[in-house]
Amino acid sequence: MTEKDKATPSPYLSISSAGWVEFRNDQVVLSTCKMHVYKFPFDIQSCNLSFKSILHTDEDIQLHYQENNTLITRLSREVMHTQYEWLFINMIVTNKTNRLNFNQTSVVYTITMKRRSILYIVNFILPVLFFLCLDLASFLISDTGGEKLSFKVTVLLAVTVMQLILNDILPCSSNKVPLIAVYCIGIFALMLLSLLETILVMHLIEKDSAAQDNETSRDQSTDVNCGDKSNPHRNLEISDSHCASVCDAPAEEMQSVIKEGSRSKLTDVSFAVEKVSDEPGATEKPMNRLSSNRKEEMKSGYWTRVVKIINRAFLIFYVSAVTLFLGVMFIMWNSSEDDDG
């Protein structure tokens, strides 16, 4: 007993003509017992209440009890008008004799109770399962932005808060780790793997986009250099200035200008021949540039293809692991083993 009986003792006695004296006194007994919370909140507890004399032996006093356990269980249910967290299952009565220097018999009442689990299912187990479903649904979010990563971190923090709540409601009287703690840790580990996979995928996508940015900047610099090399307006200005100088020259200088013009025509013809001979090489350069650009595009899209393969493989693994884990937890919670060591 953990507290004294606060009930008022009965002042009545019953005396029979045969010499029997009967005294009844109802008591409210508050006691503690070891709890096995391995299957919390689906646990079934058994508590023992022992009654014996402290000084008297079996020769001095004999304890009589009702041996019909079914009758005792039925009478106990009739007395219990309200049941809160625990549901009464049955009561079993046994006797135990200690044989030391003298025989002393004790009567042991074994009370079996079952915890009401519906509140824990609704308030704890189902919310954690819903968070896991949200993490599964996050695979539909695009990997290019940061919304998927922030969403997964938020869900993971929510599961952490649920673990803190579990630490407050779970009794610390078990040698084994309770299954509900394994349930939370397993779901937390699966969601952590999902978060790490998202970080890896975003890193690969960022690596691919960086390669594409480098390729774009390289193409822009190439176009600027080509534009500086070929400027037709400068040639037009030179020719216009040449024509203007020829028209303004005096008559005695025309012959020398004509001679210079004929000499320049020969030079233009030679330049034209050289230009025609250089045209095959000039056409080969754009082809080489196109092939190099195509190789760069294939190279820049490599990590994107790797990301698609990783997402597909991890989704299959994730769904399989979640299904297997929940199935094992269901089997262990419904197993008949009650001893948690």
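Keep in mind that glycine also has a Cβ here, set from the backbone N, Cα and C atoms.
What TrEMBL annotates here:
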- 212-221: compositional bias 'Basic and acidic residues' (COMPBIAS)
- 5-116: domain 'Neurotransmitter-gated ion-channel ligand-binding' (DOMAIN)
- 125-325: domain 'Neurotransmitter-gated ion-channel transmembrane' (DOMAIN)
- 212-233: region 'Disordered' (REGION)
- 118-137: transmembrane segment (TRANSMEM)
- 178-202: transmembrane segment (TRANSMEM)
- 313-333: transmembrane segment (TRANSMEM)
In terms of Cβ proximity under 8 Å, which residues at least six beyond the ends of the transmembrane segment (313-333) contact it?
-> 39, 42, 132, 136, 139, 179, 182-183, 186-187, 190, 193-194, 197
What average pLDDT does the predicted model assign to the domain 'Neurotransmitter-gated ion-channel ligand-binding' (5-116)?
-> 86
In DSSP terms, the domain 'Neurotransmitter-gated ion-channel ligand-binding' (5-116) comprises 11 helix, 39 strand, 62 coil
